[in-house]
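Each remark here refers to the structure printed beneath this line.
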Amino acid sequence: MQKLKLRFPWYKTAIHALVGSFFTAWWLSIIIQKNHRQQWLIPTVFWGMIMVRLISWHTKVLKRTLAMAQISWNFVCDIIYNQLLPKRLYRLLSGGAITLAVILIGTFVSPETAYSKRKDRAISFFGLVVAILGLFVTSRNKSKGNWNAVIGGVLMQYIISLFVLRTKCGYDIFNFISTLARELLGFAQEGVAFLTNSEVSQLSMFFFTVLPGVAFFVAFVHIFYYYGVVQWFVSKFAKFFFWSLRISGAESITASASPFLGIGESAILIKDFLPYLTIAELHQVMTSGFATISGAVLVGYIGLGLSAQVLVSSCVMSIPASIAVSKLRCPETEISTTKGDVRFTENIDESKAARNVLQAFSEGANLGLITASTMMIQTMCIIALVALVNGILTWFGQFWNIEALTLELILKYILYPVTFLLGVPRDEILMISNLIANKFIQNEYVAYTMLINDAPYNAMSTRGTLIATYALCGFANLGSMGITLGVLNTLSRGKRSGDIAKNIGSALFSGLIATLMSAAVSGMVVNDSSL
């Protein structure tokens, strides 16, 4: 390649021109044809991204535009901070008032529909307020709370939900992503059919539906990781949250990476910083992992028949929600070593790095096998352990004339008021509370399986199903707590084991609250057209 570059210095320009011409012709063919013209949005966005990237390699227009945008932003911020609202309290009050106004207008102005009554939206809104107040009351240091992150995080979460559930553009974009995810799962089933037969590949069983999709997705992602695409996307997300919510570099990286990579892989990105993270940063890293699910698991759950659009949007909504929750529950009281900087850890030894894309795909397949196997064994063991505990409780319960005393029974009644505040239909509160209880005690796969397969849940309303799907979309369960504890202890080389063990319980509940906040927000903005 280097010899080609020296001999033909213009070759890169020619290749870029060829690629740009091809995609421009492809885009124009879609716009011209009547039968494809109504599907113009996604192709236009895709073509625009490619053209901007190609042009930016040969001109300084994009850099200058971004520089001008930053100058304008700094100018506006300077006016707000130093002239209009010089005191921090006034800025926070103004930001809170704007956020509240956006939420109230977006929630209550739109007309009522069959599945979105204003009284139900009001309950969901009240649930969001109760969650924030509860976090403030239980905050470890109320005077140190990062209200910039709290207000900004809640506003971002709500805007994302509005974009997905209320606008055609948002629906089309997330529907396109979900369609790609479903098709990707279909390709994994082709591999299963080759190893077995086509009838077996269509069986709706965990082993043949979820695990192959997880393994293939991990292998597929490693191709993009090899070319640096994953790192590029994560870095852009991280910089956005770093500058918008005023959090440290380590926090922004893990929060942005968790929905794509999961708690283990996202923590690897900052493994050299883990021994030096503050308590608040450790809490945020764990909360981000508990508040969402990884991309590999997401593909598996789509294979169960769940709404891919809801799962993908929930993962994105949980990024700012987890930041807001953690910064209110465990405020920063120390000086961060990554404050003001976004840096990745170089975690791959050159001698072990993949030499080409095929090796990267092969290593990804091996990791996918480990991931799928771990998921299978852990699910089996957790279900067995819970069954053992339930058996003991049932034995004790029979002496109190309680025939089926189980952990799920106890927790579903404890969570009844929490589920009510999500804004679900009244006659479905106990059913959805039972799902959340199973998700917390066992895992989200067990709860999602109940939601899809059990007869009582098949008769639930569309609103209840949607809110339940959002409420279950997270790793906040007892099994994940053990996994997170082991992963972070290993990555920090045991130097932070005490701090991790001390804070993991708080992070677990914070992650659960962040996920439930996404469910409440969805109950505030959902309407019939988005169901």
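In case you wondered, yes, glycine gets a Cβ from its N, Cα and C as well.
For 126-197, the entry in TrEMBL reads domain 'Concentrative nucleoside transporter N-terminal'.
TrEMBL lists 207-304 with the feature domain 'Nucleoside transporter/FeoB GTPase Gate'.
According to TrEMBL, the feature domain 'Concentrative nucleoside transporter C-terminal' maps to 311-523.
Annotation comment: TrEMBL describes 12-32 (among others) as transmembrane segment. Same-chain residues lying 6+ beyond the ends of the transmembrane segment (12-32) with a Cβ under 8 Å from its Cβ atoms: 5, 39-40, 43-44, 46-47, 50-51, 54, 57-58.
Taken from TrEMBL, the feature transmembrane segment applies to 38-55 (among others).
Feature annotation from TrEMBL assigns transmembrane segment to 90-110 (among others). Residues 80-81, 116, 118, 121-122, 124-125, 128, 147-148, 151-152, 154-155, 158-159, 162, 166, 524-525, 527 of the same chain sit 6 or more residues outside the transmembrane segment (90-110) yet have a Cβ under 8 Å from a Cβ within it.
Under the heading transmembrane segment, TrEMBL lists 122-139 (among others).
According to TrEMBL, the transmembrane segment annotation covers 145-165 (among others).
The transmembrane segment annotation in TrEMBL covers 205-228 (among others). Counting residues 6+ beyond its ends, the transmembrane segment (205-228) has Cβ neighbours under 8 Å at 184-185, 187-189, 191-192, 196, 260, 295-297, 299-304, 354, 357, 360-365, 367-369, 371-372, 375-376, 379, 445, 449 in the same chain.
Residues or ranges marked as transmembrane segment by TrEMBL: 240-264 (among others).
The list of residues near the transmembrane segment (285-304) in space but at least 6 beyond its ends in sequence, with Cβ under 8 angstroms from a Cβ of it, reads 178, 181-182, 184-185, 204, 209-211, 213-214, 217-218, 221, 250-251, 254-255, 258-263, 265-267, 270, 277, 311-312, 314-315, 318-319, 321-323, 325-326, 329, 368, 371, 375, 444-445, 448-449, 452, 473-476, 480-481, 484, 488, 500, 503-504, 507-508, 510-512, 514-515. Residues or ranges marked as transmembrane segment by TrEMBL: 285-304 (among others).
Residues or ranges marked as transmembrane segment in TrEMBL: 367-393 (among others). Here the transmembrane segment (367-393) has long-range neighbours at 206-207, 210-212, 214-219, 222, 296-297, 300, 405-408, 441-443, 445-446, 478-479, 483, meaning same-chain residues at least 6 beyond its ends whose C-beta is under 8 angstroms from one of its own.
If you look up TrEMBL, you'll see 467-491 (among others) marked as transmembrane segment.
According to TrEMBL, the feature transmembrane segment maps to 503-526 (among others).
Here the transmembrane segment (145-165) has long-range neighbours at 92, 95-96, 98-99, 102-103, 106, 128, 132, 136, 139, 171, 174, 244-247, 309, 313, 316-317, 320-321, 323-325, 327-328, 331-332, 517-518, 521-522, 524-527, 530, meaning same-chain residues at least 6 beyond its ends whose C-beta is under 8 angstroms from one of its own. With a threshold of 8 Å between CB atoms, the same-chain residues lying at least 6 positions outside the transmembrane segment (122-139) that come near it are 103-104, 107-108, 145, 150, 154, 325, 328-331, 418, 420-423, 510, 513, 516-517, 520-521, 523-524. Here the transmembrane segment (38-55) has long-range neighbours at 16, 19-20, 23-24, 26-27, 30-31, 61-62, 169, 172-173, 176, meaning same-chain residues at least 6 beyond its ends whose C-beta is under 8 angstroms from one of its own.
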